[in-house]
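So the structure is just underneath, and the comments pick up after that.
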Amino acid sequence: MSGDNPIHHPIGLFLVQLILILVVTRLLAAILAHFRQPRFIAEVVGGILLGPTVLGQSSKYMETLFPPTALAQLKLVAGFGLVLYVFMVGLELDPRNLRESNLQSISITLSGIIVSICAGFGVSRLLYDHYGDPSVPFTSFLVFIGLAIGITAFPVLNRILTEQRLINTRVGKVTMSSNSVDDAIVWTFLTFVIALIHNTATYLDALYIFLAVSAFALVMWFAVRPALVRLINIGARNESVSQFAFFATFALIILSSWFTQAIGVHAIFGAFLVGLITPHDHGYALHLSEKMEDVVEVLLLPLYFAITGIQTRLDFLNDGTSWGMVILVIVLATAGKIIGCGLAAHFTGLGWRESFTVGILMNTKGLVEMIVLDFGLSAGIINSKVYSILVIMALVTTFMTTPIVAVVYHTYFRHHHLTPVSPTTSHPGKESYELNKPRSSELNVLVCLPNMQTVPAMMAITQMVKQSSRPVHVNALRLIQLSERTSTVLMATDATETLRADPVISVFRTFGQLSQVGVRSLVAVSNPDDFPENIISSAIDTGSNLIIIPIHSDLPIGVTKPEPYSDEQRTFVENVIAKAPCSVAAFIDRGFGVSPTSTTSIKELHVAPAKATNNGQQIFFPFFGGPDDREALLFVSYIAAHPGVSVTILRICPTSVNTSSVAIDVNQEPDTSSGALVDGTLKQSNPALNAGEDPTDDAAISAFLTAYPTAKLDKIDSPTPVQAIVQ
């Protein structure tokens with residue numbers, strides 16, 4: 001009614017709870033993101049702050065915002081969000097990984113689970129004696145604690161591996177494979193345990209329920225999945241994913257969840273099965289995840305984790321014994337995974353450092369841990385005190401994973417595999433080309449594709465280079481920013497399907513096929529700060545001798561701007577150059593791939609257009625001399641083979657002014673006060689480099705002019721070369 005307090009209405013109270021939970025958890029997530037911590041930690045901690053432990057110390061606060069009746073309503077909505085999220089968890093767990101699992105992965109998984117259960121047996125006795133309910137059989141308590149300690153969180157682990165750029169390393173692949181096996185075993189075991197807990201039945205009754213769920217899973221895999229595959233294939237002929245396919249999938253989620261709930265397990269098992277059988281063909285799993293993730297992960301899932309935090313009563317841990325138990329549980333849980341998984345990893349072929357890293361990664365907790373603890377609390381197997389101890393264990397073990405992996409393994413990996421290469425140091429994949437070398441030298445170029453805007457210019461460059469008689473190999477690296485969305489983690493874990501479905505790489509690959517240029521597709525999904533190392537790793541893996549970094553400018557041709565690119569872009573290029581094993585080209589694109597009549601100035605392969613002409617692409621190349629300029633001249637020789645390209649070389653002769661290679665933006669006014677352009681357009685160099693003309697430079701130019709007689713050569717001898725170049 002008008003004038004009533006909206007909080008007194010169920011919908012009004014729910015909306016206030018929703019806003020409060022979302023705001024608090026988002027603020028905490030923003031803080032913890034600086035430490036690269038998963039969002040579920042922020043959501044659980046947010047629930048602890050909103051619950052009885054902190055704000056709930058005020059009885060008026062709890063009675064107003066979280067009364068028991070309203071908390072039940074909140075749990076209902078959160079439960080539905082949990083069903084949808086568990087479906088997405090099953091979507092991430094690709095069954096192909098299980099088929100590819102080898103003896104090493106199975107050994108690591110079984111060893112970790114067995115040792116964790118043994119560790120759980122010791123701590124279970126202490127917890128049961130101090131806080132257990134005598135009416136609960138110790139065997140049930142033991143099985144529950146062992147399961148809680150032995151769980152590994154698949155979604156959280158996937159994100160950590162992706163963020164730490166370990167997804168394609170040996171450690172990452174072994175951990176992913178082992179975690180897939182671990183998830184299969186844990187979910188199977190969890191089905192039996194939940195059947196036993198929910199039905200307070202005998203072990204034989206629980207076995208019957210388990211067998212019923214197993215039979216249902218077989219029907220879903222062998223009968224329902226093929227029908228879903230055919231439906232997706234039919235829809236993919238007309239569009240990426242049909243709307244009816246989405247409807248069919250959601251109907252399956254609801255029906256399967258209802259069935260598993262009806263037979264006495266839990267609705268989440270039905271949702272998990274549907275996610276597990278959903279095909280990844282035609283990018284369907286990725287598209288489905290993209291459509292669901294925002295509503296589920298932003299709106300619904302935080303409610304579930306917040307309820308977990310609200311149910312955590314840290315105020316009950318009010319003595320030294322309780323906190324001693326917390327420390328003991330954390331130590332035993334961590335030791336069980338490190339010893340069990342680590343030793344198995346070492347004895348199956350990994351080094352000690354890699355094995356330790358596998359053990360730490362397999363100790364990650366997450367959603368499944370919270371589900372198990374919630375079931376145990378609801379069934380009365382554990383009380384609020386034990387529940388709180390285990391929640392703290394889950395938070396601490398997950399929180400420490402990222403920093404320990406970064407220190408123990410990731411820093412070591414960087415030091416041994418990505419060390420900077422000095423200009424005089426040879427490196428596999430790097431060749432110092434000279435024009436008077438045999439024409440059989442091949443160009444192996446790594447082209448970076450961060451978005452669709454950069455594709456036209458890279459296609460234009462590739463088309464020009466293709467005209468050369470020398471072999472050209474193109475490696476197209478698709479750079480995708482890792483976000484909070486599950487879909488980006490799916491892109492990282494299923495690179496093959498990502499490369500098949502991604503529109504940017506698909507367009508470039510199709511262009512390569514039509515142009516008869518061999519294009520090798522690669523993908524890197526990571527934080528933007530890690531893109532330079534993704535590029536460097538890809539260059540090393542592909543043996544590239546040139547990296548092209550496109551920098552797209554929104555300025556139209558002919559518009560003057562003091563800086564050709566931003567500070568962030570400059571830092572990005574500098575980070576790549578600092579460690580690159582080969583030459584690096586920063587291509588400043590102002591419509592090069594769109595307009596065929598722009599004049600282009602190339603220097604150290606920094607490119608900027610000037611004015612339009614009617615003679616095709618005009619390449620203007622200021623040549624100061626030295627190895628950098630000869631490398632750039634080599635690349636110009638590939639472009640010059642194109643019939644629509646004309647080249648003008650401006651030879652800057654040595655004078656009393658000492659200059660090195662420059663990157664010229666011909667639209668920029670020169671800075672005459674210091675004799676150098678601002679930031680890397682014109683740089684001072686070692687005087688010894690330009691003390692006299694280098695015969696190698698003249699030989700390179702002569703070889704170029706012999707190969708391309710239509711090219712023009714001009715020379716200037718000026719103490720102010722920048723002004724002369726602009727003129």
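Glycine too: its Cβ is placed from the backbone N, Cα and C atoms.
All annotation found in TrEMBL is predicted automatically rather than curated by experts.
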Where TrEMBL places transmembrane segment among the ranges 40-58, 363-381, 477-495, 534-552: 40-58
Surrounding residues of the transmembrane segment (206-224) on its own chain - C-beta under 8 Å, 6+ positions past either end: 191-192, 195-196, 199, 252, 256, 259-260, 263-265, 269, 273-274, 276-277
Paired segments the transmembrane segment (12-33) and the transmembrane segment (70-91) in contact, 3+ CB pairs under 8 A: yes
Helix, strand and coil totals (DSSP H, G, I; E, B; other) for the domain 'Cation/H(+) antiporter central' (473-594): 56 helix, 31 strand, 35 coil
Same-chain residues at least 6 beyond the ends of the transmembrane segment (323-345) whose Cβ lies under 8 Å from its Cβ atoms: 104, 107-116, 118-120, 122-123, 126-127, 130, 149-150, 152, 174, 178, 317, 354-356, 358-360, 362-363, 389-390, 392-393, 396-397
